[in-house]
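Annotated features, as they stand in Swiss-Prot:
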type	residues	note
BINDING	GLN174, GLN286, GLN287, TRP418	D-hexose binding site
CARBOHYD	ASN370	N-linked glycosylation site
MOD_RES	SER23	phosphoserine
REGION	1-28	region 'Disordered'
TOPO_DOM	1-37	topological domain 'Cytoplasmic'
TOPO_DOM	59-81	topological domain 'Extracellular'
TOPO_DOM	103-111	topological domain 'Cytoplasmic'
TOPO_DOM	133-140	topological domain 'Extracellular'
TOPO_DOM	162-168	topological domain 'Cytoplasmic'
TOPO_DOM	190-194	topological domain 'Extracellular'
TOPO_DOM	216-289	topological domain 'Cytoplasmic'
TOPO_DOM	311-314	topological domain 'Extracellular'
TOPO_DOM	336-339	topological domain 'Cytoplasmic'
TOPO_DOM	361-395	topological domain 'Extracellular'
TOPO_DOM	417-435	topological domain 'Cytoplasmic'
TOPO_DOM	457-462	topological domain 'Extracellular'
TOPO_DOM	484-507	topological domain 'Cytoplasmic'
TRANSMEM	38-58	transmembrane segment
TRANSMEM	82-102	transmembrane segment
TRANSMEM	112-132	transmembrane segment
TRANSMEM	141-161	transmembrane segment
TRANSMEM	169-189	transmembrane segment
TRANSMEM	195-215	transmembrane segment
TRANSMEM	290-310	transmembrane segment
TRANSMEM	315-335	transmembrane segment
TRANSMEM	340-360	transmembrane segment
TRANSMEM	396-416	transmembrane segment
TRANSMEM	436-456	transmembrane segment
TRANSMEM	463-483	transmembrane segment
Amino acid sequence: MQEPLLGAEGPDYDTFPEKPPPSPGDRARVGTLQNKRVFLATFAAVLGNFSFGYALVYTSPVIPALERSLDPDLHLTKSQASWFGSVFTLGAAAGGLSAMILNDLLGRKLSIMFSAVPSAAGYALMAGAHGLWMLLLGRTLTGFAGGLTAACIPVYVSEIAPPGVRGALGATPQLMAVFGSLSLYALGLLLPWRWLAVAGEAPVLIMILLLSFMPNSPRFLLSRGRDEEALRALAWLRGTDVDVHWEFEQIQDNVRRQSSRVSWAEARAPHVCRPITVALLMRLLQQLTGITPILVYLQSIFDSTAVLLPPKDDAAIVGAVRLLSVLIAALTMDLAGRKVLLFVSAAIMFAANLTLGLYIHFGPRPLSPNSTAGLESESWGDLAQPLAAPAGYLTLVPLLATMLFIMGYAVGWGPITWLLMSEVLPLRARGVASGLCVLASWLTAFVLTKSFLPVVSTFGLQVPFFFFAAICLVSLVFTGCCVPETKGRSLEQIESFFRTGRRSFLR
C-alpha cells in the first residue's frame with residue numbers, strides 16, 4: 001500500500017516515490033546549467049518584479065512627504081493616505097484578473113511585456129501629479145502592472161527553468177521585487193517624491209528591450225501547436241550542445257494529454273482542484289501574515305513607535321535585510337526543500353509579530369526627535385498623547401522585530417508561495433488558476449491595507465500584529481497538513497503525482 005503524500009515517517013518530507021536511475025534526459029539536464037541563456041531570459045522577465053517591488057513601497061517615503069506638503073491639492077489627510085496606500089492592491093487585483101485571460105491568450109512573455117504600458121503610464125502620472133486623482137490613478141495603473149506580472153512571471157520562469165535550478169530561479173521574482181523595494185528606500189533618502197516616480201520608468205524600459213530577444217515558454221508554444229518553434233526555444237534555453245529531445249518529448253506528451261482548456265466540470269476533479277486549492281490558500285495566508293500593510297506603511301509604523309534611529313534609515317535597513325534573506329532562500333531552496341523553509345519562515349514571523357505587538361502594547365510612546373507622524377492620531381503630524389522619554393536600547397525592539405519578520409517572510413513564505421503556485425498548478429489551468437490566485441491575494445491585500453489605519457486608530461497599533469501572529473500559527477499547521485514537497489521534481493512529475501490514486505493530502 002502506497003504512503004500518503006503527507007504524514008509519512010522521516011525527516012526529509014519526501015512526498016514522491018524514489019527516483020529511478022538517471023535517464024539520458026536527467027544527465028543531459030546537467031549540461032543546461034552551463035548555458036547562461038536561461039538565466040538571461042529569467043533576468044529579463046523578473047525586471048517586471050523589480051518594478052513591482054519598487055511601486056509597492058513607493059508610498060513608504062511619499063506619504064509622510066505629502067502629509068507635510070504645503071500644496072493644498074497634494075496635501076494628504078489620514079483617509080486620503082489610506083487610499084493612496086491601498087489602491088495599488090485594487091489595481092493588482094485587476095491585473096491578476098486580466099492575467100486569467102492574457103496568460104493563455106498572449107502567452108507568458110507577451111503578457112509580461114504588455115504590463116510595461118500601464119506601469120510606464122502610472123509612473124508618468126505620479127511624477128507629474130497636480131492633484132489627488134492623478135496620484136490615485138497612477139498608483140492604480142502601477143498596481144495593475146504589478147498584478148499582471150505577479151501572475152505571469154512565476155509561470156514563465158518555472159516553465160523555462162530546468163528542474164535542478166527551478167527552486168533558485170523560482171526565487172528570483174521575489175528577489176528582484178525585494179531589490180526593487182530596497183532601491184526605492186535608498187533613493188527615498190536622496191530624491192524628492194516626484195523623481196522617485198521618474199526613476200521607476202528605467203527598469204520598465206530595460207525589461208521591454210531585453211524580453212524582445214527572449215523566447216516564449218516552450219510549454220505555451222506546444223499548447224498552441226507551434227512544435228518547431230517550441231523545440232527551437234527549448235534548444236536555445238538549454239544550449240546547442242545539449243540533446244533536448246528527451247525533455248521535449250516529456251513536455252510534448254504532457255501537453256498532448258491536456259490539449260484543451262479545463263472545463264468547470266473538470267475543475268472539480270481532485271487532480272485539478274487540489275493543487276489549485278493549495279496554491280490559493282497559500283497566497284491568502286501569505287497576505288494575511290501582514291506583509292503588504294507592513295511594507296506600505298513601514299516608515300509610518302516606525303514613526304509611531306519609539307525608535308532609536310530616523311524612520312527613513314530604519315526602512316532602508318529593513319529593505320537590505322529583506323534582500324539578503326531572499327538571496328539566502330534562493331541559494332538554499334533546492335537543498336533544504338520547500339517545506340522546511342516554510343516551517344522556519346512561519347515560526348520566525350510568529351515570534352516577530354508577537355514581539356512587536358507586545359512592545360507596542362507595553363512599551364514607550366514614540367520619541368519626539370524621530371517621530372514625524374503617528375498612525376494612531378487623527379493627523380500623522382500630531383500625536384494624541386504626550387511623548388515619553390527614551391527607554392535606551394529598548395527602543396531598538398521595533399526595528400529588530402521588523403527585521404526579524406521581514407527575514408522570516410523572505411526566506412520562506414515570500415518566494416516559496418510564488419514558486420509553489422507555478423509548480424503545482426496543472427498546465428491546462430495554469431494561466432487561469434495563477435490569475436485567480438493573484439486576484440484573491442491582492443483583494444485580501446487591499447482589505448488589509450485599507451483597514452489597517454482605521455483598525456490602528458480604533459484599537460491600537462498592537463492589534464494588527466497580534467492578528468498577524470495568529471495567522472502565522474495557522475500557516476504552520478497548513479504547511480504540515482497540506483503543502484507537498486516539490487524539490488527536484490519536474491513539472492510533469494508533480495502533475496503526474498496529483499493524477500495518481502493515492503490518498504489525498506487534503507484531509
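Positions of Cβ are set from backbone N, Cα and C atoms, glycine also.
Positions of the features from Swiss-Prot, shown on the structure.
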residue: GLN174; record: D-hexose binding site; Cβ contacts under 8 Å, 6 or more apart: ASN49, VAL326, ALA329, ALA410, GLY414, PRO415, TRP418
residue: GLN286; record: D-hexose binding site; Cβ contacts under 8 Å, 6 or more apart: TRP413, GLY414, THR417, SER441
residue: GLN287; record: D-hexose binding site; Cβ contacts under 8 Å, 6 or more apart: SER441, TRP442, THR444, ALA445, LEU448
Against the transmembrane segment (82-102), which of these stretches has the most C-beta pairs under 8 Å: 315-335, 396-416, 436-456, 463-483? 436-456
Flag the pair the transmembrane segment (195-215) / the transmembrane segment (463-483) as in contact if three or more Cβ pairs fall under 8 Å (sequence separation 6 or more). no
Which range out of 38-58, 315-335, 396-416, 436-456, 463-483 gives the transmembrane segment (141-161) the most CB pairs under 8 Å? 38-58
Mind giving me a neighbour count for TRP418 (D-hexose binding site)? Other Cβ atoms within 10 Å of its Cβ, every protein chain shown. 32
In the same chain, outside GLN174, GLN286, GLN287, TRP418, whose C-beta lies within 8 angstroms of the Cβ mean position for the D-hexose site? MET282, ARG283, ILE291, TRP413, GLY414, PRO415, THR417, SER441
Suppose I define contact as three or more CB-CB distances under 8 A, residues 6 or more apart in sequence; do the transmembrane segment (38-58) and the transmembrane segment (169-189) meet it? yes
Please work out the helix, strand and coil residue numbers for the topological domain 'Cytoplasmic' (162-168) from the DSSP assignment. 6 helix, 0 strand, 1 coil
Per Cβ pairs under 8 Å, the stretch of 112-132, 396-416, 436-456 packing most closely against the transmembrane segment (315-335): 396-416
Would you give the longest CA-CA distance, in whole angstrom, between residues of GLN174, GLN286, GLN287, TRP418, the set recorded as binding D-hexose? 14
In the same chain, residues at least 6 away from the ends of the topological domain 'Cytoplasmic' (336-339) whose Cβ sits under 8 Å of its Cβ atoms read 12-13, 167, 416, 419-420, 479, 483, 485-487
How about long-range neighbours of the topological domain 'Extracellular' (190-194): same chain, 6 or more residues beyond its ends, C-beta under 8 Å? 61-62, 65-66, 126-129
Could you count the residues of the topological domain 'Extracellular' (59-81) that DSSP puts in helix, in strand and in coil? 13 helix, 0 strand, 10 coil
State the residues, same chain only, that lie 6 or more residues beyond the ends of the topological domain 'Extracellular' (133-140) and have a CB under 8 A from a CB inside it; answer 'none' if no residue qualifies. 55, 58-59, 66, 74, 83-84, 87-88, 90-91, 94, 121-126, 197
